[in-house]
């Protein structure tokens, strides 16, 4: 992958200071160079920021006092704050996180062998997928780098402080929260770079996953920027159904989307040659055995594993959750074709933290112009 510098939209705070959470390592080194310091100082500060979740320059004991004073004058480390916490009976935690005067939601999902953090990339979403609660709230804006990586930072700080209670440290990050990550590449990519950086959170590229509904030009662009695990929100075995439930399919149909996925796989080491297919199970919409046969035929040339996701309801939604028996029959058809097929266990649905339930603030649904502009950015690659 090419080492392409991605410039954040805006890295200064209201008081004119640089928020260091907005900078990846290359940018951090440039920042310290401008201060007249050696590049290794950037590495030292990043280690304090991400290995120890430190946001106080005075606590960085291997930084000399003069430099600490200089940093306090021109920079800060400001992660978004948690304004509400909900805990599920299954151990899942959902945090409402303040980003300016709005909120996004971040979900911590502990399991026996890992702990996954589901991170948001936008306030709301422009894509209007019919089965997703986030999409029904409309689109407001992109999150900055500091607001994306800040979700990981804040969660890591909370979990780190709670080690005595047995909470597992974050081992995986999935860009599957609110928003379409590929419509915010300029901020999502630097945030993921920090997740992967040894002086950042040091995660393996196989443990950072980006999920997309199919913004094809941006997916091609992503392949030249960074290598992470890829999950695609397919949800339908044919264009007729997908046009209805995932409207971006009218711009980039399934064939076009899967071709872009295969191009990404050719460049990627993180995916080990196959992609994760996400398929939400909607009762008598896309969950029949005939749909399973169609899906198997559709994916025969795309190396993949398939996650079947029981749909999680929200008020006013026109769908129902597929029965366990229908999901089981669907899964067995796919496995008969040789596909690795997993029925995802629903986590956090009692606190509306499950897949498709994140909403954050309710946003004025009349903001159609903003949503159409964002959909236009999916077409104009210069705007993505």
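Note: Cβ is positioned from N, Cα and C throughout, glycine not excepted.
In Swiss-Prot this protein carries:
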ACT_SITE  105  active site, proton acceptor
ACT_SITE  355  active site, S-methylcysteine intermediate
BINDING   125, 129, 132  [4Fe-4S] cluster binding site
BINDING   179, 180, 211, 233, 234, 235, 312  S-adenosyl-L-methionine binding site
DISULFID  118-355  disulfide bond
DOMAIN    111-350  domain 'Radical SAM core'
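Overlay of Swiss-Prot annotations on the structure.
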residue	record	Cβ neighbours (10 Å)
105	active site, proton acceptor	24
118	disulfide bond	28
125	[4Fe-4S] cluster binding site	28
129	[4Fe-4S] cluster binding site	22
132	[4Fe-4S] cluster binding site	27
180	S-adenosyl-L-methionine binding site	28
211	S-adenosyl-L-methionine binding site	21
233	S-adenosyl-L-methionine binding site	26
234	S-adenosyl-L-methionine binding site	29
312	S-adenosyl-L-methionine binding site	22
For this session: Please work out which residue of 179, 235 has the most C-beta neighbours within 10 angstroms of its C-beta, and give that one of the binding-site residues.
Result: 179
For this session: Calculate the per-residue pLDDT averaged over the domain 'Radical SAM core' (111-350) and state the result as an integer.
Result: 94
Seminar exercise, completed: Nearest by Cα to residue 118 (disulfide bond), of the binding-site residues 125, 129, 132, 179, 233, is 179
Exercise. In whole Å, how far is residue 211 (S-adenosyl-L-methionine binding site) from residue 125 ([4Fe-4S] cluster binding site) when you measure between their Cα atoms?
Worked result: 13
For this session: Give me the Cα-Cα distance between residue 179 (S-adenosyl-L-methionine binding site) and residue 132 ([4Fe-4S] cluster binding site), rounded to a whole Å.
Result: 11
Exercise. Restricting the comparison to the recorded positions 105, 129, 132, which residue's C-alpha is spatially nearest the C-alpha of residue 312 (S-adenosyl-L-methionine binding site)?
Worked result: 132
Exercise. Whole-number Å distance between the CA of residue 211 (S-adenosyl-L-methionine binding site) and the CA of residue 132 ([4Fe-4S] cluster binding site)?
Worked result: 14
Seminar exercise, completed: binding-site residues 129, 132, 233, 234, 235 vs the residue listed as 'active site, proton acceptor', shortest C-alpha separation belongs to 132
Exercise. How big is the Cα-to-Cα gap, in Å, between residue 235 (S-adenosyl-L-methionine binding site) and residue 129 ([4Fe-4S] cluster binding site)?
Worked result: 10
Problem set entry | Distance, residue 129 ([4Fe-4S] cluster binding site) to residue 180 (S-adenosyl-L-methionine binding site) (CA atoms, angstrom) | 11
For this session: Report, in whole Å, the straight Cα-to-Cα distance of residue 233 (S-adenosyl-L-methionine binding site) from residue 132 ([4Fe-4S] cluster binding site).
Result: 11
Exercise. Where does residue 211 (S-adenosyl-L-methionine binding site) sit in DSSP terms: helix, strand, or coil?
Worked result: strand
Exercise. Rounded to an integer, what is the Cα-Cα distance in Å between residue 233 (S-adenosyl-L-methionine binding site) and residue 129 ([4Fe-4S] cluster binding site)?
Worked result: 10
